[in-house]
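As recorded in TrEMBL, the features of this protein are as follows:
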| type | residues | note |
| --- | --- | --- |
| TRANSMEM | 55-73 | transmembrane segment |
| TRANSMEM | 139-157 | transmembrane segment |
| TRANSMEM | 162-184 | transmembrane segment |
| TRANSMEM | 214-233 | transmembrane segment |
| TRANSMEM | 245-268 | transmembrane segment |
| TRANSMEM | 377-400 | transmembrane segment |
| TRANSMEM | 407-427 | transmembrane segment |
| TRANSMEM | 439-466 | transmembrane segment |
| DOMAIN | 498-669 | domain 'STAS' |
| REGION | 670-702 | region 'Disordered' |
| COMPBIAS | 675-691 | compositional bias 'Low complexity' |
| COMPBIAS | 692-702 | compositional bias 'Basic and acidic residues' |
Amino acid sequence: MKKYLDSAKNALRTDFTWNRVGRLTRKGARALPEASAHYVLDKFPIIGWLPRYNYRWLINDIIAGLTIGLMLIPQGLSYAKIATIPVQYGLMSSWAPSAIYAFMGTTKDLSTGPTSLISLLTAEIIEALHGEEWSPVEIASAVAMMMGIYGMVLGFLKLGFLLEFISLPILSGFISAVAITIILNQMDSLLGEPNVGDGTATQIRDIFQQLPQANGYACAIGFTGIFLLTVLDQAGKRWGKKNRIIWFLSITRAFIALVIFTGVGYAVNRSRGDSENYLFDVAKVQADGQEPPKVPSAALLSKVASRSIAVFVGSAVEHTAIARAFAVRNNYVTDQSQELTYYGVTNVFNSFFHAMGVGGAMSRTAVNSACNVKSPLSGFVTTAVVLVSIFKLVGTLYWIPKATLAAIIITAVWPLMSSPRVFYGYWKTSLADFISSMIAFWVSLFVSTELGIAAAVGFNILYVLLRQVFATVRSLPDARHSTTSELPLPLSIPHGEVNSGVNLPPDVRVFTFTDSLFFPNAYHAKHAIIDTVKTMHAPIFNGNCGLEQERKWSVTGEKRIAKLRRRAGITDATHLPPIGMVVLDFGRTNHVDVTACTHMKAMVQEVKMYGGASVEVRFANMSEYVRQRFERAGWTLVDGWQSGSESGRQDETKVTRVFESVVDAVLAPRRRSTRLGTSGSEKSSGESVNKGGEKVSMREQV
């Protein structure tokens with residue numbers, strides 16, 4: 001027995017896995033107190049940016065908050081109508097999200113509240129549970145709670161990266177189908193037609209069959225509203241930048257239409273007695289302030305749990321995508337997992353107040369950004385505007401024509417539809433991306449949105465598995481298509497050194513992709529490159545980056561880079577070299593897709609924003625297949641360093657140069673005549689210094 005015990009002890013002492021578990025456990029135990037404190041603080045970003053708030057920003061935040069509040073009133077009512085719940089509950093869903101976002105949000109621009117996507121998917125769940133013991137409002141609140149639970153699970157566990165498995169083409173097809181479905185659902189209110197059925201094919205048939213029974217007054221109200229909204233929208237796009245009055249009228253066009261046509265509804269219908277005698281249907285908003293909170297039924301939650309997954313996936317991807325897009329546009333950093341945490345907390349909180357689910361909205365976010373909002377503090381103003389409408393204006397809103405709400409909805413969701421050109425771009429770039437977008441579009445349109453997104457994601461998973469199983473292996477030797485680099489690893493990424501003794505210039509960074517680059521890993525690859533560049537190189541001092549930048553409200557990006565530099569052992573960031581060239585080695589990459597091409601383009605923009613417009617990004621070891629994918633996605637690729645008339649015809653800022661090897665990419669002349677030498681001084685391109693102090697070419701060292 002002693003022999004077996006000694007053997008077991010020795011195995012535990014020498015086993016690699018158990019030793020690793022032990023090291024990680026001890027490391028985690030030591031870091032737990034401090035990490036726990038940081039984790040809690042990270043859940044409330046306001047603690048980081050509020051002490052640095054510049055009070056001169058207050059007027060911008062107040063104007064933005066008022067504007068978004070005026071937009072939320074008609075949109076909240078309209079989106080509640082889509083969800084097939086009484087329209088006043090759209091307002092009750094809109095007051096809390098903005099205030100909570102001020103505490104938990106990681107962008108200054110994002111506006112949250114009811115959205116057309118969430119409304120339609122909620123309506124489908126209400127329709128599926130029609131006839132059971134619960135009211136539509138109770139079902140909508142239960143869906144909101146399940147959305148919140150899913151969001152909190154992914155957010156608190158920092159699993160936001162899982163949403164990257166929903167590719168861009170799937171989202172395009174899915175959202176386009178949702179937009180068409182929403183428009184079809186509003187046609188009966190717009191035209192005043194009775195008895196329009198459910199389902200896309202049935203709706204199209206009934207709409208045309210019942211045109212002779214359409215209400216002319218409702219048509220006049222609805223189409224006049226669409227005309228007014230369209231005119232104000234186009235006027236804002238054409239003259240808004242030159243005239244602030246036109247700009248304000250454009251962004252508040254839904255509120256203006258609501259006021260005008262509510263007045264019309266009141267004037268022509270108030271004296272007609274019973275609602276059956278009204279010239280056209282009105283919303284009949286009836287409420288007495290905010291209703292007291294109530295916990296959704298446990299039995300109902302179990303009914304909607306699985307059905308709410310599609311609502312969560314669609315709205316969460318939309319929410320985080322909008323947050324990322326405006327963070328890049330306005331030069332700050334957002335935290336995807338924290339956004340999901342906020343999303344979850346807000347929906348759970350809202351569900352207690354008879355509210356439908358909420359998420360980020362593109363139209364309101366764009367207006368918020370256009371108002372030059374400075375921080376999430378504007379959310380408190382938005383909340384105040386919505387609460388005033390709930391407690392003081394509900395009686396007036398009784399007379400809103402349903403045709404006006406339909407006009408507001410149709411003009412709001414029309415831009416969500418992707419043009420045929422987008423889908424043709426998927427066809428040109430990748431057949432699989434085109435097929436997945438079509439599955440999402442047609443199944444969502446004619447079957448159900450829940451099945452549509454599930455079928456498209458299932459196709460993508462199958463496609464990924466098949467690509468891994470049948471991956472192409474190129475026979476060697478093949479000098480032209482070699483899958484290895486002349487600057488082979490071990491290449492120390494943190495220090496840019498080659499085993500043979502060759503030192504890369506300090507302003508050059510080489511990245512080698514070790515696998516195919518497509519939608520599951522493209523976002524991670526992009527940020528790995530950007531994080532390394534920001535960690536190992538100094539920014540250009542142009543007012544957007546560096547120590548001289550205007551102080552931003554957000555501190556997320558600064559904290560992240562500071563942490564990465566500490567891990568890399570960098571204690572003095574003032575001596576870091578600038579970034580002059582980034583070389584991407586595609587020697588091991590046999591596949592890219594639309595999502596990868598899009599993220600790489602965003603990476604180039606962010607690197608140039610950080611290092612300056614003179615930073616060059618070069619490709620090396622690219623297969624013909626990968627090159628064609630990039631070109632079909634809109635990249636302009638040129639072989640090597642061409643000179644003379646052929647190069648002169650190219651706009652160098654829009655050209656990416658492709659080399660047969662990493663060595664060629666590093667040594668080829670740059671657009672500028674000098675580069676930073678190994679000691680930090682400028683040296684002519686292609687030269688280095690050996691240990692004896694003599695200048696020699698890098699090619700000779702290799």
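Here the Cβ of each residue, glycine as well, is placed from N, Cα and C on the backbone.
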What stretch, picked from 55-73, 214-233, 407-427, has the most CB pairs under 8 A with the transmembrane segment (377-400)?
55-73
Residues sitting near the transmembrane segment (245-268): Cβ under 8 Å, six or more positions beyond its termini, same chain?
67, 70-71, 73-75, 77-78, 221, 225, 228-229, 232-233, 235-237, 239, 279-280, 282, 367, 370-371, 396-397, 399-401, 403-404, 407-408, 411-412
Which residues of the same chain, at least 6 past either end of the transmembrane segment (407-427), have a Cβ under 8 Å from a Cβ in it?
74-75, 78-79, 81-82, 116, 169, 172-173, 175-176, 178-180, 182-183, 186, 190, 221-223, 225-226, 229-230, 233, 254, 257-258, 362-363, 433-434, 437-438, 594, 633-634
Please average pLDDT over the domain 'STAS' (498-669) for the predicted structure.
82
